[in-house]
């Protein structure tokens, strides 16, 4: 009978900005989610490093015993948004091995362990989803894994880091130097307190590794990606770019290339590149999110 569907138990690992938003959606959109899923989603618990009363959720939902939470029989889906490679890897593998599907946005982990995690999911006959790990809400993982599964992908290129896109766009439009544009991005909440991962290209390199691995059906890690950040870009560089009818964007480019010997290999690189002003990517100056992100407390 309608309404008698078995609830789907969800465990959320991590309660930072992303985790808090996941919890909010599960709690505030319960009726809509139940209609879409075909069964009610029930938040069973939230894994955190420290259980405190100021987290904005009922304290009985909080636990610092991640292993116990993912092992619970009433948990069907684990959403991992903790961030670091460890203990995230251990938690995800534990969930998959126990027959629970996993959703993760952990690009640093995926950039090194996608194959291992995918194999664990396949062995347990459960699902591993990580669309949010690359380009946020822009669908790119699913088209590569499903829509283009029967095609040969030759090249994947684009802007995959919103913070650097804002900084470069601000430098381009206002003539500001890098330090001033970064300070502006930080004040608006677009840049993290430590922006190194973004501005030095580490974030984009991790995403490039994920995209290259999926698109070309091979193992590519972040260490395999040529990486150059935006910290050395100057207003004078934009002047030179404009003279050529271009601007500067931090691009992620992954492609299958043929060597001089006739063999093929995968090339993945992240660097500030000249992009013609007529190119569609130049129309986007803001980060992918529509409003400033809340700063981490």
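Keep in mind that glycine also has a Cβ here, set from the backbone N, Cα and C atoms.
What TrEMBL annotates here:
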ACT_SITE  207  active site, proton donor
BINDING   14, 15, 16, 17, 18, 19  NADP(+) binding site
BINDING   107  NADPH binding site
BINDING   192  L-homoserine binding site
DOMAIN    14-131  domain 'Aspartate/homoserine dehydrogenase NAD-binding'
DOMAIN    139-281  domain 'Homoserine dehydrogenase catalytic'
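Using a 10 Å Cα-Cα cut-off around the residue listed as 'NADPH binding site', the recorded positions 14, 16, 17, 19, 192, 207 reduce to 207.
In this structure, residue 18 (NADP(+) binding site) is part of a helix by DSSP.
The CA atom of residue 15 (NADP(+) binding site) is located 17 Å away from the CA atom of residue 192 (L-homoserine binding site). Secondary structure from DSSP puts the residue listed as 'active site, proton donor' in a helix. A straight line from the CA of residue 19 (NADP(+) binding site) to the CA of the residue listed as 'L-homoserine binding site' spans 16 Å. Burial estimate for the binding-site residues (14, 16, 19): highest at 14, by number of other CB atoms within 10 Å. Cβ neighbour count for residue 17 (NADP(+) binding site) (all protein chains, 10 Å cutoff from its Cβ): 15.
Classification of residue 107 (NADPH binding site) by DSSP places it within a helix. With respect to their backbone Cα atoms, residue 192 (L-homoserine binding site) and residue 16 (NADP(+) binding site) stand 13 Å from each other.
Listed binding-site residues: 15, 18, 107, 192; maximum Cβ neighbour count within 10 Å falls on 107.
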